[in-house]
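Undergrad: Just passing along the structure, written as structure tokens.
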Amino acid sequence: MTLKINSCKNDINNHTYLIGILLLGLISGLTFNLIFFTVPYQLSEAKYTTDIIGSISLAAFPYCLKVIWSPFIDKYSIPFLCSKFGHRRGWALVSQIFLILAMTGFLNINPCNNLYITAIILFIISSCSSTQDIVLDAYRIERPTSKEELSMAFTFSSIGFRLGMLLGSVGTLYSSIIFGWNTVYKSALFITLIGPIVILCIKEPQSKEIHHTTTHLIGLQQYFEVIKKSIISLKNEQQYLLLIILFIFLYKAADSIPMAMSSPLLLDLSFTTHEIAVIYKAYGLLIMIVGGALSGVLAAKMGIFHSVLIGGVIQLLSPLMFMILATIGYDIKTFIITVTVQNFCAGFAGTIISIYFASLCNSEFVATQYSIIASFSSLSRIILASLGGICAKYLTWPVFFLGNTLFSMLFIPIFYKIYRKKLGFVNISKKI
């Protein structure tokens, strides 16, 4: 009887922890979409040019600079909060509090009339959100006690992130029509308020309860020592680390550029707000979740190595379909096919590459190592989104997406070398 009760308690704890990861992922997806879709869409409606819209994406630069402050999150304990709630939860609370303050400030401006102030506040929001992401990434790696739990943690986080993107897109579009943009941002703030409550409800990972941290600000020497040890540890386990990083940098190019330029393209092709909300966002999210779930099943059967290759190849179909759509013009059937292909590829490749990132990290420097790896992926997305806006201004849409496809193919020869020499993929046979 006692064993059954203990088993039920463990099930409840696991259930709470996974739901918590899902909700935090939702907040992360919501704030991410605020920068990459909501504000760009509002600016598109106001007839701003693609180069200005693409430049707003630079406000998300903190997402690719997580490595700069991840050593502090690994080694520095915030007085009172970390001792009271645990190392990871203490940092999560701080990031949530400042995120809420930044979101509150965003309510007092009109992005269309205050571009510079908008960019500054979005930069602050992305800094807070990326800090939360560092903590969440470490939490979902440290908390699981088995390979199956690791897969579930990333799956729930991925689903939550995409639900947040749905709220930040479909919810944004409909709310802006019915209630106006100010109500949209008020709703986003209200959802963000859930974050601190979730953090208080989940448990601190056991591995962090005995983690060697300090309440004194680490000096520059200690700071760089943490980064150095993190990189050396990665390099010791993963030969030719720079080649792997370059591969990661290019891997998401076929997805990041179409995502950033989708709003201007769809508006240029005269798709209505209703069509974009229902087909591109609502239907697209469902397909993305299917792609992510299938990648987990495939990884369990074929291993991470082959799943990553499949994900990278099928991603090339995404810009190709946008090229076809841009050539044909307004056509609902082609639009649905394009959305299906893009979102399935994004869900599949996005989930499997995240699991691969986690497999590269060791327990001592989880936050720093994962940030180092993920930063290069984010760098690809953010820089290419910004440059994509400039290129789209001078190229026709079909030529633009053809160039996107050709550029994205550069990952193939790099992956081929990795495949031939088995570089980096120490866990080729690892099943997750």
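Note: Cβ is positioned from N, Cα and C throughout, glycine not excepted.
Residues annotated as transmembrane segment in Swiss-Prot: 17-37, 52-72, 90-110, 115-135, 150-170, 177-197, 241-261, 285-305, 308-328, 335-355, 372-392, 395-415.
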Undergrad: May I ask whether the transmembrane segment (372-392) has at least three C-beta pairs under 8 Å with the transmembrane segment (52-72), counting pairs 6 or more apart in sequence?
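TA: Per Cβ check, the transmembrane segment (52-72) touches the transmembrane segment (372-392).
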Undergrad: Six or more residues out from either end of the transmembrane segment (335-355), which same-chain residues have a Cβ under 8 Å from its Cβ atoms?
TA: 150-151, 154-155, 158, 162, 248, 251-252, 254-255, 258-259, 271, 275, 279-280, 283-285, 287-296, 298-299, 304, 307-308, 310-312, 314-315, 317-318, 321-322, 324-325, 377, 432
Undergrad: Given the transmembrane segment (177-197), which of the listed stretches 90-110, 115-135, 150-170, 308-328, 395-415 has the most Cβ pairs that are under 8 Å apart from it?
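TA: Looking only at 90-110, 115-135, 150-170, 308-328, 395-415, the most contacts with the transmembrane segment (177-197) come from 90-110.
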Undergrad: Would you mind listing the long-range same-chain contacts of the transmembrane segment (308-328), meaning Cβ under 8 Å and 6+ residues beyond its ends?
TA: 251-252, 254-255, 257-258, 262, 265, 269, 295, 298, 334-335, 337-338, 341-342, 344-346, 348-349, 352-353, 356, 396-398, 400-402, 404-405, 408-409, 411-412, 415, 419
Undergrad: By Cβ distance under 8 Å, which residues at least 6 away from the ends of the transmembrane segment (241-261) in the same chain are close to it?
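TA: Result: 36, 40, 50, 54, 57, 231, 234-235, 308, 312, 315-316, 318-319, 322, 342, 345-346, 349-350, 353, 373, 376-377, 379-382, 384-385, 388-389, 392, 400-401, 404-405, 407-408, 410-411, 414-415, 417-418, 423-424.
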Undergrad: Determine which recorded stretch among 90-110, 115-135, 150-170 has the most C-beta pairs below 8 angstroms with the transmembrane segment (17-37).
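TA: By the under-8 Å Cβ criterion, the transmembrane segment (17-37) pairs most with 150-170.
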Undergrad: Quickly jot the same-chain residues contacting the transmembrane segment (90-110) by Cβ under 8 Å, restricted to those at least six beyond its ends, or write none.
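TA: Residues packing against the transmembrane segment (90-110) from afar: 24, 27, 31, 73, 77-78, 81-84, 117-118, 121-122, 124-125, 128-129, 131-132, 134-136, 139, 181-182, 185-186, 188-189, 192-193, 195-196, 199-200.
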